[in-house]
Amino acid sequence: MTSTAARAGVNRGASILDFILRIVAFLGTLVSAVTMGTTRERLPFFTQFLQFRAEYDDLPTFTFFVVANSIVCAYLVFSLALSVFHIIRSNAKKSRIILIFFDTAMLALLTAGASAAAAIVYLSHKGNAKANWFAICQQFNSFCERISGSLIGSFVGVVVFILLILLSAAALSRR
């Protein structure tokens, strides 16, 4: 086996790993967006003028989280085509550079959405006595479990995007 053939085999293996990681990130962001987007809870008691409920769209941060995860999820669907192209033609250079650029932009968007939502989830669980923000998770238990769980898939997506960027950079440096 020549050096060029060995390098092509390594690049093909990296491209297959890239494809698998993109599927993992797609599933993580999809589950996160759907879980957060369908999160709502109403408390069984209410007054004549007030009904107690919690929905994801009560907070703009959670709406941003759903939109960010949805955009990244849609991007991942389109990027799967380029990933398949890299499996077929493992020496493609320009398309890998394009993927690194857009992967980095999607990493920034996903990190912003997940981090902002994580701050609100923390406040939901712990509150902030100095600001008179009370923890709501004792009352809205199901709501808090779902919003906390939706963060997992999003942060998995963040880690996978970091790995994808490193993998693409390594594949480019071998040329």
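Numbering starts at 1 and runs along the chain as it is shown here.
Each Cβ is built from the backbone N, Cα and C atoms, and glycine gets one as well.
According to the topological domains annotated in Swiss-Prot, ASN11 and ARG89 fall on the same side of the membrane.
Same-chain residues lying 6+ beyond the ends of the topological domain 'Cytoplasmic' (83-96) with a Cβ under 8 Å from its Cβ atoms: 8, 11-12, 14-16, 18-19, 22, 168, 171-172, 175.
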